[in-house]
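Notes follow once the structure below has been shown.
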Amino acid sequence: MQRNMLKSKLHRVTTTHAELHYIGSCAIDENLLEAADILEYEEVQIWNVTNGERFATYAIKAERGSGVISVNGSAARRAAPGDLLIIASFAQYEDAELKGHSPKLVFVDGDNRLTEVKGATPTQPA
């Protein structure tokens, strides 16, 4: 059986641009794409922590080291500059591949600069 599992996420990045009339997608600083193992044109889920919106689009490269997180096209109506986002990617895994599977969790500072990459989500206390 294949299961759709979290592959990676960019945790609490800050939206820098919302470009309604751009062709579409979400431009992400190339350093962050690499840290999260997200390829250009890969589907991503975006969860807006600020307003609760959730939507899917695809990733494109923004200039390396720029800190850019630009939500483009119609999705620009779902995020504004300054909004905090979680950007997640998923992959399908066979059950045998899941032993030891741990998604990449990428953390940033307020300028979307990489601060830490973790390999597991801690257990939430009661």
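Every residue gets a Cβ built from N, Cα and C, even glycine.
These features come from Swiss-Prot:
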type     : residues           : note
ACT_SITE : S25                : active site, schiff-base intermediate with substrate
ACT_SITE : Y58                : active site, proton donor
BINDING  : T57, G73, S74, A75 : substrate binding site
MOD_RES  : S25                : pyruvic acid (Ser)
Next on the checklist: I need the CA-to-CA distance for the residue listed as 'active site, proton donor' versus A75 (substrate binding site), whole Å please.
Outcome noted: 11
Next on the checklist: Please give me the CB contact count at 10 A for the residue listed as 'active site, schiff-base intermediate with substrate', counting all chains in the structure.
Outcome noted: 19
Checklist entry - Which one, from the binding-site residues T57, S74, has the smallest tally of other C-beta atoms lying within 10 Å of its C-beta? => result S74
Checklist entry - What is the number of other Cβ atoms found within 10 Å of the Cβ of Y58 (active site, proton donor)? => result 14
Next on the checklist: For the substrate binding site, please report the maximum Cα-Cα distance among T57, G73, S74, A75 in Å.
Outcome noted: 10
